[in-house]
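Features reported for this protein in Swiss-Prot:
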{"type": "BINDING", "residues": "79, 80, 81, 217, 218", "note": "substrate binding site"}
{"type": "BINDING", "residues": "81, 82, 246, 247", "note": "NADPH binding site"}
{"type": "ACT_SITE", "residues": "178", "note": "active site, thioimide intermediate"}
{"type": "ACT_SITE", "residues": "185", "note": "active site, proton donor"}
């Protein structure tokens, strides 16, 4: 099925009974074809936070929690976000004898949709703390050149620095558009690398160039990862984006060249 057949951007009735059939998988293959030779492009995880998660206990009393879904980047499919929202809404009036029963059912349904092992972790509503970003913020730098669409030629090494570096950079200025609805997506992107020192102004210019780009969160992160890997040739690389929520969900894709560089998932203030 193509994304045009999904419920994104369409008026939809919200199910009030358990409805796993609403889940809409989207193949990762088409977006990855041009990155087939990029090391690590399918290595990492997609973390989703579910803020509108509710069900009934055995006494028919509503329960609430925050959920964290972990979807491996190796999965053949990602799950379209509106369908995931509808799926979780369909659980609002479903009775579960325990939290574990809920977890087991959700993991089964999402794993089937993604054709890979998906996990769910539950948090009390006041226990998922907000973290502060770590690393060097590059948002106050002045780019030499600005473009309105992603342009890998913006990426440059630092001509004045020959020594290798192990650096984590981040920017709050990531913006792209949903490819179906055209709605803006906002995020913070973290870039960690080892190798020849990058020109940080060029990286900021490259991030800003996504502001009119149409792409799903996961696809944007993989394009950023691929362009840095190809153009700047780091020894190791991590790209991790924490997007703001929409419809009670936020999406946080991470791609790494080395699994030892997988960060712990975080929640930032804008989420």
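All residue numbers here begin at 1 and follow the chain in the order shown.
Cβ coordinates come from backbone N, Cα and C, glycine included.
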Among 79, 178 [recorded positions], residue with fewest other Cβ within 10 Å: 178
Give me the CA-CA distance between residue 81 (substrate binding site) and residue 247 (NADPH binding site), in Å, as a whole number. 9
By the DSSP assignment reduced to helix, strand and coil, which category contains residue 82 (NADPH binding site)? helix
Which recorded positions are spatial neighbours of residue 246 (NADPH binding site) here, meaning Cα within 10 Å, out of 79, 80, 185, 217, 218? 185
Within 8 Å of the Cβ centroid of 79, 80, 81, 217, 218, the other same-chain residues by Cβ around the recorded substrate site are 26, 46, 78, 84, 216, 251
One residue among the binding-site residues 217, 246 has the fewest other C-beta atoms within 10 A of its C-beta, namely 246
Alpha-carbon distance [residue 80 (substrate binding site); residue 178 (active site, thioimide intermediate)] in Å: 11
